[in-house]
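A short write-up of the structure that comes next.
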Amino acid sequence: MSNQKQGEEAMVSSFNDTEHEEKEEVSKDESGFRLKSLLWHGGSVYDAWFSCASNQVAQVLLTLPYSFSQMGMLSGIILQIFYGFLGSWTAYLISVLYVEYRSRKEKENVNFKNHVIQWFEVLDGLLGPTWKAVGLAFNCTFLLFGSVIQLIACASNIYYIDDKFDKRTWTYIFGACCATTVFIPSFHNYRIWSFLGLGMTTYTAWYMTIASLVHGQVDGVTHSGPAKAVLYFTGATNILYTFGGHAVTVEIMHAMWKPQRFKYIYLLATLYVFTLTLPSAAATYWAFGDQLLTHSNAFSLLPRTGWRDAAVILMLIHQFITFGFACTPLYFVWEKVIGMHDTKSILLRALCRLPVVIPIWFFAIIFPFFGPINSAVGALLVTFTVYIIPALAHMLTYRSASARQNAVEKPPVFLPSWTAMYVLNAFIVVWVLVVGFGLGGWASMSNFIKQVDTFGLFAKCYQCPRSAAAKHH
């Protein structure tokens with residue numbers, strides 16, 4: 001027991017030495033700019049919590065009432081809680097694997113001072129190049145389409161304030177705006193943005209809740225969900241996507257001064273997010289019922305007021321932040337591919353990153369289906385990236401008795417058995433593979449193809465009122 005404790009202390013010391021070198025350097029460089037240091041250089045447990053909570057819900061907040069209309073109130077609430085805890089567990093597994101990988105590399109005297117560790121590198125170090133390739137493919141594709149969804153959401157939201165332009169034109173405009181995230185070096189520099197972002201989603205969630213209750217139920221409201229299996233599993237995969245925002249967990253951990261303290265941060269962030277998602281989705285569905293089946297963005301049904309316009313504007317700013325969150329790991333990968341990751345010049349790195357934004361912009365214009373695209377991404381990408389791969393990787397990393405004996409992180413106090421961890425991980429793999437990827441993939445792709453058939457690719461104004469859509473055509 002004492003040997004294990006000494007090993008953990010050595011690891012913590014090693015982590016701290018590496019992280020505090022950077023912290024001290026920041027302190028020296030910014031001694032004359034305390035305010036800038038306060039707002040710009042984050043690495044605390046609180047910064048990580050704000051990053052996780054802010055990044056987790058984002059624009060999905062606006063599509064959860066749509067999911068409730070597809071699957072009914074009771075299923076919507078139960079699955080939010082279920083996938084919230086499931087996502088928190090796999091985020092915990094990712095943090096354990098990161099600490100294991102980093103401690104092994106620290107023993108080999110590898111210095112990460114100018115290098116950001118990413119999930120595919122953890123998989124490579126622990127399980128080999130095949131796992132690296134799989135992790136890289138799923139993670140990058142998920143983050144790319146996660147960024148696409150933010151652009152689509154920006155265009156969808158601004159349209160409800162200013163319909164002078166169609167949604168496709170707004171996508172062009174916001175694509176240019178979001179491209180400015182190339183200037184944000186790393187997750188260290190999202191401190192103020194994460195704090196503001198969570199405030200924005202908190203306001204929007206409680207605005208949706210209160211506005212729906214004040215508005216009351218529409219005349220003849222019906223709550224027929226769940227009516228069809230295809231709709232039910234489409235809604236379920238959108239909820240799976242909601243709590244699958246930890247494709248950036250490793251990057252957030254690496255930005256911490258003490259990454260080994262990350263363990264339960266995602267769970268605490270999820271518990272707070274429940275206070276936003278459950279009341280807002282339930283209240284909006286109660287008020288508008290089946291109307292939400294053809295209105296995937298909740299803003300389209302809520303009455304036009306100054307409060308709603310404020311929520312729209314705040315969500316637009318938040319989507320810019322979330323775009324940066326999703327894109328930054330892609331920037332890191334691209335920098336490593338072209339050999340520019342160690343470059344200290346912010347301007348040079350920004351120029352090198354610009355090609356990453358172009359395909360995101362392009363896909364957002366091709367597939368402007370706000371809501372259905374969330375479910376498709378959830379079923380085909382989030383299932384593997386966020387749930388299946390971390391659970392399998394943990395099982396394989398600690399499959400041998402020696403690996404379990406020498407593990408840096410032992411099983412948690414609430415599940416103190418390796419066997420229990422294996423059973424839980426195996427359940428996650430089977431459940432998500434069958435229900436999330438299998439049934440969810442069938443349902444979400446059926447719904448997605450229906451949108452393509454109805455609106456076509458490169459649609460100018462997805463789910464716009466008929467008169468407005470005709471005007472833009």
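Using N, Cα and C of the backbone, Cβ positions are placed for all residues, glycine too.
Taken from TrEMBL, the feature compositional bias 'Basic and acidic residues' covers 17-28.
TrEMBL lists 41-434 with the feature domain 'Amino acid transporter transmembrane'.
The annotation region 'Disordered' is assigned in TrEMBL to 1-28.
Sequence annotations record features per position, and here TrEMBL assigns transmembrane segment to 77-99 (among others).
Sequence-distant contacts of the transmembrane segment (136-158) (same chain, six or more residues past either end, CB-CB distance under 8 Å): 58-59, 62, 118-120, 167-168, 170-171, 174-175, 177-178, 247-248, 297, 299, 312, 315-316, 319-320, 322-323, 326-327, 329-330, 333, 359-361, 363-364, 367-370, 373-374, 377, 381-382, 384-386, 389, 462. According to TrEMBL, the transmembrane segment annotation covers 136-158 (among others).
Residues or ranges marked as transmembrane segment in TrEMBL: 170-188 (among others).
Positions annotated as transmembrane segment by TrEMBL: 195-218 (among others).
Per TrEMBL, transmembrane segment is recorded for 230-252 (among others).
Sequence annotations record features per position, and here TrEMBL assigns transmembrane segment to 264-288 (among others).
According to TrEMBL, the feature transmembrane segment maps to 310-334 (among others). Panel annotation: around the transmembrane segment (310-334), residues 51, 54-55, 58-59, 61-62, 116, 118, 120, 136, 139-140, 143-144, 146-147, 150-151, 153-154, 157-158, 160-161, 174, 177-178, 181-182, 184, 186-187, 190, 193-194, 196-197, 200-201, 203-204, 207-208, 247-248, 251, 299, 341, 349, 352-353, 355-357, 360 of the same chain, lying at least six beyond its termini, place a Cβ under 8 Å from a Cβ of the stretch.
Annotated transmembrane segment per TrEMBL: 346-370 (among others), in sequence order. Same-chain residues lying 6+ beyond the ends of the transmembrane segment (346-370) with a Cβ under 8 Å from its Cβ atoms: 63, 144-145, 147-149, 151-153, 155-156, 167-168, 171-172, 175, 178-179, 182-183, 185, 296-297, 327, 330-331, 334-335, 338, 340, 448, 451-452, 455, 457-459, 462-463.
Outside the transmembrane segment (376-398), and at least 6 residues removed from its termini, the chain residues within Cβ reach (under 8 Å) are 86-87, 90-91, 93-94, 96-97, 100, 123, 126-127, 131, 134-135, 138-139, 141-142, 145-146, 149, 237-238, 240-241, 244-247, 404, 407, 418, 421-422, 425-426, 428-429, 432-433, 436-437, 440-441, 443-445, 447-448. Among the features that TrEMBL reports, transmembrane segment is placed at 376-398 (among others).
Annotation comment: TrEMBL describes 419-443 (among others) as transmembrane segment. Tertiary proximity for the transmembrane segment (419-443) is limited to same-chain residues at least six positions away from its ends with a CB under 8 Å from its CB atoms, namely 86, 89-90, 93, 229-234, 236-237, 240, 375, 378-380, 382-384, 387-388, 391-392, 394-395, 411.
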Quick tally over 77-99, 170-188, 230-252, 264-288 of CB pairs under 8 Å to the transmembrane segment (195-218) gives the top stretch as 264-288
